């Protein structure tokens, strides 16, 4: 509206060049001097921000002959060059991802040609899905779709068979895989990315979507499910969904009245054909009135599947069907049933920390009881009951309609609660069902606090649940106190054990340090002794190798040397004047002063005798006829 730029690609380029600063982008396009903009009709004063809503509304209300009151003017000091815009695509196909980068001037067909080389799939067999604007053809130019920089697409190949593998292995692998369902809420144009395992059912997906969109399952209108997905109890692994990503669209059904053909195609809840206004019956099940009862037909005659399969091998699978069927009959506002065995429900309710424990509520269903429909729709699905159960109870359910399932539950009941409780349930008549058992876990056994029959009201049901909670809360407080005291004792014991361990570690470290120090002292002492023994051996060897001391009355020339030690002692010896200086050195070394460690100094003049040639005679080094020398340790 301010700049007259109608090309969205040019506008995006300008914004990218200005780091998406709107004011900077506008100022870079329109020269401004004191708030005046150049117009193709002359000079016009701008009385407000050029980028605000006022400017936009003004431009929108201009005459058809001119799309904007202002002309796109590029100042001479700043030339905006049109650069090709690059788009990034991540394309998913089965278990592969392919990254494609193209200019926005390319077509959809160019993407397919690149994928044809990467995936080795003919372009004619590809369906490229994931476009925000709906389906496009191969000649569509990407620029015309106004795409963001980063895009995600996926490829479908309905005409190509899936990769061959053993059926059982592929099925098990699919059950362990995670499917990404991209669900678009049609009314609000919002996408949800939901992760489900392959073992999840279509019914679970619809219930999760209800939590996100507030559209009840019976009012959901879906697009995108494969044609093979004919039953809500099917798992995603066998429903024919595209792995790893599949797109779906959900919206609210405009009218709950459907034709019989539509009902058969969708295989969901049964709806009767009626010419009356569907709004009168839209929420009938929320008030406990079943679809069949509204038309004078027994509801059991319309139901296609039982609440629970007979002789089910796995209790968890049986509970999954029970939950799905319960939702389809009575809506999605119902207690959250625990999926798993009765033993697993005990573990979840009773065997955690005391603060996390809950009561266990067991709902026993019976299709042939006249009280079942009213109890389920008006009491068990009441929001207050559902909320109270979800906060304070673990709810487990079982269907007693089939004799095999009834016998199986009575066996479980005898094992967990004893024969008295099992006999009580066994003697219950059909019209006394459904039953609601309230179980509290104790240290040694499980106690049945209450057995609630179907002929009750919402208020009475709530009162009995609250009474059971009071008993449980008192017991829970005692358990919490005992558990806290036990944890405190264990913490003290752990701290004592840790302190004792640290003390042992310190003592061991101290002992090891002392042992190392003693070993080092012993080693040094051994080295010292070895060195002393070596020096003593050298001294004795030198002493034995010395020539005999000449006598005073010897006819040969004799030199008398007096040597002072560093400690102040003196020792004297006579040498032949013809003896070598080395003999003097050996004599001094034999007294414990090796010439490698000590130097022998003369007095007048002061000189270092050890620096003289040891092969010269005493006469030659002028140590004749007598001389006083002194020893000094070398540095």
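A Cβ is built for glycine as well, from the same backbone N, Cα and C atoms used for every other residue.
Automated prediction, rather than curation, is the source of TrEMBL annotations.
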Scan 27-47, 48-68, 69-89 against TrEMBL and say which stretch is down as region 'Disordered'. 48-68
To which of the residue ranges 434-454, 455-475, 476-496 does TrEMBL assign the term region 'Disordered'? 476-496
Suppose you had to name the range TrEMBL annotates as region 'Disordered'; which of 519-539, 540-560, 561-581, 582-602 would you pick? 540-560
Using DSSP, what's the helix, strand and coil tally for the region 'Disordered' (476-496)? 21 helix, 0 strand, 0 coil
Taking the domain 'UBX' (554-631) alone, what is its mean pLDDT? 89
